[in-house]
Amino acid sequence: MGTNEWHVERRDSIGTESPVAREVLETGTLSIVVLGASGDLAKKKTFPALFHLYKQELLPPDEVHIFGYARSKISDDELRNKLRSYLVPEKGASPKQLDDVSKFLQLVKYVSGPYDSEDGFRLLDKEISEHEYLKNSKEGSSRRLFYLALPPSVYPSVCKMIKTCCMNKSDLGGWTRVVVEKPFGRDLESAEELSTQIGELFEEPQIYRIDHYLGKELVQNMLVLRFANRFFLPLWNHNHIDNVQIVFREDFGTDGRGGYFDQYGIIRDIIPNHLLQVLCLIAMEKPVSLKPEHIRDEKVKVLESVLPIRDDEVVLGQYEGYTDDPTVPDDSNTPTFATTILRIHNERWEGVPFIVKAGKALNSRKAEIRVQFKDVPGDIFRSKKQGRNEFVIRLQPSEAIYMKLTVKQPGLEMSAVQSELDLSYGQRYQGITIPEAYERLILDTIRGDQQHFVRRDELKASWQIFTPLLHKIDRGELKPVPYNPGSRGPAEADELLEKAGYVQTPGYIWIPPTL
């Protein structure tokens with residue numbers, strides 16, 4: 001069955017779902033299985049997210065049990081001890097924190113086994129079934145959530161084992177869902193092959209392709225900002241916007257992950273998933289409703305409107321010292337920096353360059369969206385010298401939204417200066433804990449909300465955009481230029497930004513408000 005045939009009716013949003021509907025969705029036992037339980041992703045992200053949901057009483061202990069599965073031969077207590085330091089500070093933890101962790105870890109059980117053998121998965125199924133029998137009521141159903149914190153190379157075999165041995169067996173309802181992590185392939189062909197292999201085992205509503213950027217607070221805020229504020233509606237188009245930047249910067253290199261990173265590079269690692277998802281939310285048309293399929297339909301339309309990438313609108317870089325890592329080949333052509341211009345061929349965005357930039361070992365760590373507006377026509381204040389209006393969404397660190405605008409310089413003279421209107425989340429929402437991305441996305445999976453997950457046709461359209469460029473890099477037809485660690489990246493990237501029309505404000509630095 002084709003992906004586009006799935007239009008699952010789900011809730012409009014967490015906030016508008018009725019208590020009755022939510023109760024129906026969460027009836028019965030819930031078994032959460034973390035495959036790859038001894039790996040870094042599981043220890044640093046998956047289990048801490050589950051713990052935070054538990055603390056918020058969103059994983060009731062009388063319904064939920066958590067299973068770790070991996071090849072390592074360790075006991076339940078050994079896994080619990082490994083996880084403990086990731087859940088609570090080693091020093092200074094309060095008695096309440098220690099008690100919460102102890103109670104949570106009692107819900108965690110470990111099963112050891114290979115990823116391609118029925119024996120291990122039948123043992124896992126036996127353990128899950130025993131939990132369901134002990135915790136289920138006569139009226140309840142059983143729900144099974146499998147989180148694959150594993151390399152994509154083992155997805156097909158693991159999914160086959162789940163399908164063969166571990167599916168929900170309750171006659172009273174329930175479900176089986178599978179969460180898979182990026183990267184979803186290396187190019188269009190491998191992504192489609194992976195999608196086909198998983199798609200032969202599970203239907204699209206059972207598959208949750210997780211991209212943690214879609215769980216970030218300000219990424220989720222994009223739809224609200226765009227479609228719930230009237231003053232943006234007439235401005236959000238090529239008549240008023242000159243260019244859009246989507247930026248991901250890290251101030252550290254590969255840090256011991258050189259061998260792994262070299263297989264993918266900065267483009268595969270960041271751009272077709274995280275940054276392209278952000279682009280979709282910036283550029284999409286208003287969906288018919290907040291139902292997941294309506295939102296994802298609009299995102300696919302954006303992706304299918306992106307023109308082929310031009311070689312002269314790409315700058316690749318590799319920081320000096322990258323190949324000093326013994327796990328990286330001396331002649332590696334892998335980029336650690338990339339700036340590319342994407343152009344959307346539709347009525348709203350014709351002529352507006354979307355500048356997508358990602359890099360490692362740069363002079364700062366941040367992720368942000370910068371929407372730069374055109375110059376004021378007939379400007380009587382000569383404010384062009386001060387810089388353009390920009391709407392900036394800071395995704396990390398120090399989540400914030402601010403608008404750069406020109407105002408009168410305080411004093412006796414009529415002179416203009418650039419300032420900002422800003423919303424700093426740390427200042428405005430003191431005392432409110434902003435959930436981590438994985439918390440939101442795991443909860444969405446439990447609730448059956450696929451709004452913030454990648455559909456198969458989205459994945460295909462994303463790879464169609466970048467596969468030709470990636471193949472040219474793989475063949476050595478495009479080569480990265482060297483840049484100094486701790487710099488802005490290659491000078492050629494700044495030249496490309498200027499060519500695309502981005503105007504830098506000289507000397508302007510946004511300073512987050514202090515608490």
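Glycine is no exception: its Cβ is also placed from the backbone N, Cα and C atoms.
Among Lys163, Lys169, Lys182, Lys301, only Lys182 appears in Swiss-Prot as part of the D-glucose 6-phosphate site alongside His212, Tyr213, Leu214, Gly215, Lys216, Glu250, Asp269, Lys360, Arg365, Gln396. Residues within less than 8 Å, Cβ to Cβ, of Lys360 (D-glucose 6-phosphate binding site) and separated from it by at least 6 positions along the same chain comprise Glu250, Phe252, Gly253, Thr254, Ile266, Tyr319, Thr336, Phe337. In the structure shown, across all protein chains, Glu250 is the one of the binding-site residues Asp40, Glu250 with the greatest number of other Cβ atoms within 10 Å. Take the CB of Arg71 (NADP(+) 1 binding site) and look out to 10 A: across all protein chains shown you find 12 other CB atoms.
Of the listed binding-site residues, namely Tyr213, Tyr402, the sparsest CB environment within 10 A is found at Tyr402. The binding-site residues listed here are Ala42, Leu423; among them, Ala42 has the most other Cβ atoms within 10 Å of its own Cβ.
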